[in-house]
Structures are given as structure tokens and as C-alpha cells.
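Remarks on the structure that follows.
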Amino acid sequence: MKRKFDCTIGIDEVGRGPLAGPVCVCAVALSKEKEMRLLRCARSKNEKRKFADSKKLTAIQREYWAVWRQREQVPFALSYVRPATIDKMRIHHAVNRAAQRAYHKVLAELRREVRKPRFGTVSSTAPNLTNSAHNESRVIADAGIKVNAPNFKSFPKADETVPAVALASIIAKLHRDRYMSRLHKKHPAYGFVVNKGYGTRGHTAALIKHGPSTAHRLTFIRNYTTLKKK
């Protein structure tokens, strides 16, 4: 018989491919009850409420779901790996390290949630999530991410088919974009506020002209410059 879980921990990353900036991994813990509320909300004809993988949404749509998460008090956690570490350990290992950290952080958030009084007074959103929360949750990540966790699965397009993973991708995208906007103020020559670190024509032209900054991944930019970071 197929096991039913009270909660889905969804994990996804943003920033695997850019030439600059960190990779960001988000984990969200979405109870069955809140998943149903999310899907009801997403069925609205209001375009602002469109729900999908972050790459298919506008900034306004991503912001809507970030506010929804906050209003619904859905536990989440972020983990970043910076460029220097990516250069040392390669992106695949960096993503998995960040995913493992995000998983443990959101698990800690879950445990704090179930200790709050409201779980004893109203219909619990995670009734069996005690200190063995990880055993009562399924953990799903998009393909290419591995986490050491019970009930873990990773498969292609999970961010398109699993609401918790899609929500994780939205939050990760939102926070990494904000991070890159702040980074732009420190390194304005590269246009991070627009390109978010990806290898656009303007970004690569700036790399050739100015060389890399401390925000760049040296292992990603060998085709554009051989200079060391400034």
C-alpha cells in the first residue's frame, strides 16, 4: 500500500549555471492541508496567482507566492554556496552541500512549529510531526539534487509537478535575485541587477573589459578571461 505523508519537503536550487554569484538552495515544508490551499489559490483566474516553476513566472508572480508563504507560515530554509567554494568543490557538490544544509534547517523549523500551542487546539497541519519529523515527511528534489534523508526522491521536472518543489524554486529565485541586486551595488560594471550573473552578451563583454570580480566563478569564466579576481 502506498504510504501517505503528512508533509512534503520540497527542495530546489537556483544559480547552478551563472558565471557569477552564489548558488541558492531552498527547502520548504508544505503540509497536506496547506498544499490543498495553495492549489485552490492557484486555480484562480487572476494572472498574478499563476503557479509554476520559478523560471515560468514573472517577478510580480514570484513575489505573490512569497507573500502567500509568509501569510500561511510555511516553514522554509535557504542555503547559499559562494563562488570561491564553488570553484574549490565544483557546482554539483556545492548544490548537494547546500541542499543538505537547507533540509536540516527546514527540519528544525518544522520541529519548532509542532511545539507551538496551535497544533493542539486546531486541526493540525502536521499532526504526526514530532521529533521524528523527518520520518513523517517525504522529501522531493528536482533532478540533480541529492539529500541524505528518509523518504527521499529526486526526479526530472519535480518543480513542475510537485507544489512544494515549485514553491522552493520560487523562493530560491526571489532571494537569489535580491542577493544579485545587492551585489550589483558592489560591482556595478557587470550589470548583475539585470543579468543576475548569467552569461549575457553585456556581462561577457564586461568580463573581457574589466576582468573578473570576487563575485565571479573562475572555473566558469575560462572562455572569457584568464585574469585573476580583483
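The backbone N, Cα and C atoms fix where each Cβ goes, glycine too.
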Review point. Looking at TrEMBL, Asp12, Glu13 are annotated for divalent metal cation. Which of Asp142, Asp177 sits in that same site?
Key: Asp142
Review point. In the same chain, outside Asp12, Glu13, Asp142, whose C-beta lies within 8 angstroms of the Cβ mean position for the divalent metal cation site?
Key: Ile11, Val14, Val25, Cys26, Ala99, Ala141, Gly144, Ile145, Ala158, Asp159, Val165, Ala168, Ser169, Ala172
Practice item. Within 10 Å of each Cβ, count the other Cβ atoms, then let me know which of the binding-site residues Asp12, Glu13, Asp142 comes out lowest. Key: Asp142
